[in-house]
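Asks: According to TrEMBL, the record shows the following:
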type	residues	note
REGION	1-59	region 'Disordered'
COMPBIAS	1-16	compositional bias 'Basic and acidic residues'
COMPBIAS	28-37	compositional bias 'Acidic residues'
REPEAT	113-154	repeat 'WD'
REPEAT	166-198	repeat 'WD'
REPEAT	208-249	repeat 'WD'
REPEAT	250-291	repeat 'WD'
REPEAT	291-331	repeat 'WD'
Amino acid sequence: ERERGENTSNADDGKGRSKKFSKRMDEEISSDSENESADPNRKQQENEDDEIEETPQEKKLRLAKLYLEQLREEEDKKAEQESFEADLIAGRLQDDVVGPPQLAPDPAEIRLLRGHKLPVTCLVITPDEKYIFSASKDCSIIKWEVESGKKAQKIAGGRKGTEARHVGHTAHVLCMAISSDGKYLASGDMNKLIMIWDPMTCKHLYKFKGHRDAVSGLAFRRGTHTLYSASHDRSIKVWSVDENAYVETLFGHQDMITGLDCLSRERCVTAGGRDRTVRVWKIAEESQLVFHGHEGSIDCIQLINEEHMVTGGDDGSISIWTVNKKKPVSTVKQAHGSHGNTGLEQPYWVSSVAALHNSDIVASGSHNSAVQLWKCGQGFRGLEPLFSVPMTGFVNSLKFSNSGKFLVAGVGQEHRLGRWWRIKEARNGIYIIPLKRQAQEQEVVQ
């Protein structure tokens with residue numbers, strides 16, 4: 001079955017149509033056009049008919065409309081390309097000028113925000129870095145003020161069976177995403193539902209139904225209100241939030257999808273759990289690229305930039321990938337060490353990964369009492385440990401702020417997807433970790 005899935009990616013265009021079929025369609029289309037050009041009399045007759053029906057004024061109007069439409073299309077393409085290039089340049093400038101975080105934070109400066117009754121499963125930081133949204137197994141979503149650490153608002157979770165009257169989630173929330181302009185917040189739960197909220201007021205806007213199992217990954221395409229969702233039903237769905245509309249569904253994974261991410265391009269990346277594949281979905285081309293690497297379930301994925309991504313799995317390893325190679329360019333095995341009796345050691349599962357966009361800094365979380373920060377080597381080959389931050393519990397979610405000034409960890413007594421272990425001494429909450437940079441330190445010294 002897995003081989004068949006792989007063949008699909010090589011020979012199909014992503015929707016089950018083979019290249020031969022597409023080629024035949026192309027040939028049919030081109031042969032029709034040849035027939036038309038082969039009969040000039042018929043074409044001339046049609047043109048004459050058109051001229052009879054259309055007054056000069058109407059013709060001018062029609063041509064003007066066509067011209068405007070072409071201009072509009074060209075402007076849209078240009079704007080999209082400029083936005084994409086601006087993102088890349090901004091990222092490079094940020095990295096060149098500011099430099100990556102190099103120094104471990106002072107434990108006294110790390111803040112713990114508590115409010116969830118059960119383990120935190122996911123979180124997002126608003127683009128202006130003023131607020132953090134966290135969600136939990138208690139079905140609630142909390143909006144936190146970064147500066148004060150206070151709870152700004154809470155979207156309460158409801159009890160099972162109250163779906164009809166409760167505005168909000170009544171099952172574990174597994175994933176969240178916020179649009180790059182901060183206009184929409186999306187959250188997905190174990191009940192197959194996606195909820196859309198206004199991040200300013202926390203008012204409920206829409207509910208998207210369609211997935212047949214838990215919604216496990218959400219991401220907005222940057223600069224748009226296009227939302228990608230992934231699910232344990234093995235599918236990816238595309239939604240237009242502005243229009244409150246479903247767009248399309250993509251298939252390919254052979255097991256439940258555990259994570260999804262997207263940046264500016266019209267494509268998203270996914271981790272396929274126990275099918276051990278990472279996939280890049282080219283939405284416009286209706287095709288997918290398949291990558292193989294981990295020895296176990298791939299549980300989390302994040303894009304570092306448009307060309308590179310980082311994954312973590314229950315085999316205890318972290319891998320860096322480039323979209324040009326089918327295998328990881330670098331892997332660290334037992335990234336968080338191992339546990340268990342001698343001879344029966346098991347690696348600590350990597351439960352979360354994060355990347356400081358357009359830099360060479362990544363972070364990973366497990367349940368070995370530490371969040372680990374890494375620096376990618378030249379050309380993203382090799383991963384060097386930078387420093388670790390002590391943290392008790394399951395690190396279920398990690399996110400860098402856009403500027404790289406802080407890292408946020410969502411922590412719980414249990415893994416976000418199950419109850420295999422329970423760490424009683426852990427606190428269910430979010431940790432805000434300030435990141436110091438060498439450049440800043442040098443300025444202070446001078």
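Using N, Cα and C of the backbone, Cβ positions are placed for all residues, glycine too.
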Asks: Please report, as numbers and ranges, the same-chain residues at least 6 past the borders of the repeat 'WD' (166-198) whose CB is under 8 Å from any CB of it.
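Replies: Answer is 121-128, 133, 135-137, 139-141, 155-160, 204-209, 211-220, 222-225, 227, 229, 231, 233, 239, 241, 244, 260, 416-417.
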Asks: With DSSP as the yardstick, break the repeat 'WD' (113-154) down into helix, strand and coil residue counts.
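Replies: Taking each residue of the repeat 'WD' (113-154) in turn, the totals are 0 helix, 23 strand, 19 coil.
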Asks: What residues in the same chain, six or more past the boundaries of the repeat 'WD' (113-154), come closer than 8 Å to it by Cβ-Cβ distance?
Replies: 168-178, 180-182, 185, 187, 189, 197, 199, 202, 393-394, 396-397, 399, 401-403, 405-406, 408, 410-416, 427-432
Asks: Using DSSP, how many residues of the repeat 'WD' (291-331) fall into helix, strand and coil, respectively?
Replies: 0 helix, 21 strand, 20 coil
